[in-house]
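Step one of this worksheet: look at the structure below.
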Amino acid sequence: MTKYIFVTGGVVSSLGKGITAASLGRLLKNRGLNVTIQKFDPYINVDPGTMSPYQHGEVFVTDDGAETDLDLGHYERFIDINLNKYSNVTTGKIYSSVLQKERRGEYLGGTVQVIPHITNEIKERVYRSGRETNADVVITEIGGTVGDIESLPFLEAIRQIKSDIGRDNVMYIHCTLIPYLKAAGEMKTKPTQHSVKELRSLGIQPNIIVVRTEMPVSQDMKDKLALFCDIDTKAVIEARDADTLYAVPLSLQEQNMDQIVCDHLKLDNPAADMTEWTALVEKVRNLSKKTKIALVGKYVELQDAYISVVEALRHAGYSFDTDVEVKWVNAEHVTAENVQELVGDTDGILVPGGFGDRGVEGKIVAIQYARENKVPFLGICLGMQLASIEFARNVLGLEGANSSEINPDTPYAIIDLLPEQKDVEDLGGTLRLGLYPCKLAEETNAYNAYNEPVVYERHRHRYEFNNQFRPDMEKAGFVFSGTSPDGRLVEIVELKDHPWFVAAQFHPELVSRPNRPQPLFHDFVRASITNKESK
């Protein structure tokens, strides 16, 4: 029978519930179990697709085109699985589904209520995730903190699941904070005690408490927490700040967390073999070289907006025993006068995805600098579109060239709406989303990176290169190295007379893994290292 683990959080948000859940998933997978994982977000948006990155961070796109929480990126990178649309559920999705059923008459004229209708819908999403993947273990992270009014239906639903399928098939893990008061020189357990009290008042008794802390947790403190929270002392797990995220699974294993889980769920699996993972962490901790990449974006104040990009750069660096340092450059501050000062000390330049016109001209200046000074360049989504616009303006001399998204009245719409997007009015869930094939031209940097004729990558865009300009740009040395199989849509562009200048319409960062870097990032970092060594 499928087992279910629920991860909740208390005291404050951003405690690392997602990393805890992902780390446990990796440990259980390495015990030979088929693991899937999902995130329940209590906000009323249907998905984060239309939310500002300042509100939510990165939008992570799955193979099947779901726009999801950034924690799914952690899940995929840690557990090395590809998730789907069932892996992220919001209050908005739940209510939308229930209301549609009510309109269809599926409730037979009954009064639709939070209990049982909303809670039953939540439970169905939990069970469906296990059914769709045939999982041995389903890990479900509940977003927000215990006590939030938005979370109550989710907590009630996961409480009911234990009654539905039995205590041996359900486990509750609660993540909390033990703050350190510097002035007093003390760590305080009271917030954790109150958080667990709140959870228990809702009918959920945690089986494991994971305490986030800056300082070591003494045995006396663990005993105190165990007493007040009514759990075994060994089930108080310390989650101290780590030098690398990838060390967290090893820390949890050292404290036997995965064994406690298996004992509770009656899973008789051998211990997790973490030899390869340990080697990865040792490599990460002992990188001998450095390279610096400029990330020119408009959300640089909130680095979570580009978390998969940064992780993909790091993964690529691991292959070359290199620590990739990211220099955050606010695109709004970049001008032709100061670009040398802002990016001149870096070994490569990356322009990531985005929407809207803010910071666009600064990104174009940075791209021009990379092109003219032979600095390795990687453009992603909007970065690819702006690389095309920069070339049209400054090489072809098409003054005023732009994207119709940024300037609907541009005389040269180098980037324009996809034909199928012309009549779309809704913003949410209407982009070109998910995994699509890309055919690569031989003897190009893109082909050399992948070494395959056709690759599949994840997309999230509404605008596309305007084929009207392809012949003139090709004549001038602009290479269309990747297209859709029918040749209609431009997927990858690069420059002929440049050491390494590649830009992709898709989001290659979404499929990178710590032990298997994404090919374009791998070659971009290699080119950046070569550039540094040649200076």
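Using N, Cα and C of the backbone, Cβ positions are placed for all residues, glycine too.
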Swiss-Prot ATP site partner of SER14, LEU15, GLY16, LYS17, GLY18, ILE19, ARG240, ASP241, ALA242, selected from ASP71, ASP80, ASP168, ASP304: ASP71
Further binder of UTP named by Swiss-Prot next to SER13, LYS188, THR189, LYS190, PRO191, THR192, GLN193, taken from the candidates LYS123, LYS224, LYS234: LYS224
Listed recorded positions among GLY16, LYS188, CYS381 whose Cα sits within 10 Å of GLY354 (L-glutamine binding site): CYS381
Residue pair LEU382 (L-glutamine binding site), HIS507 (active site) - Cα distance, angstrom, rounded: 10
Pairwise Cα distance for GLU509 (active site)/CYS381 (active site, nucleophile) [Å, integer]: 11
Sparsest-packed among the binding-site residues, when each Cβ's other Cβ atoms within 10 Å are tallied, from SER14, THR189, GLN385: SER14
Rounded inter-Cα distance in Å - LYS188 (UTP binding site), ASP241 (ATP binding site): 17
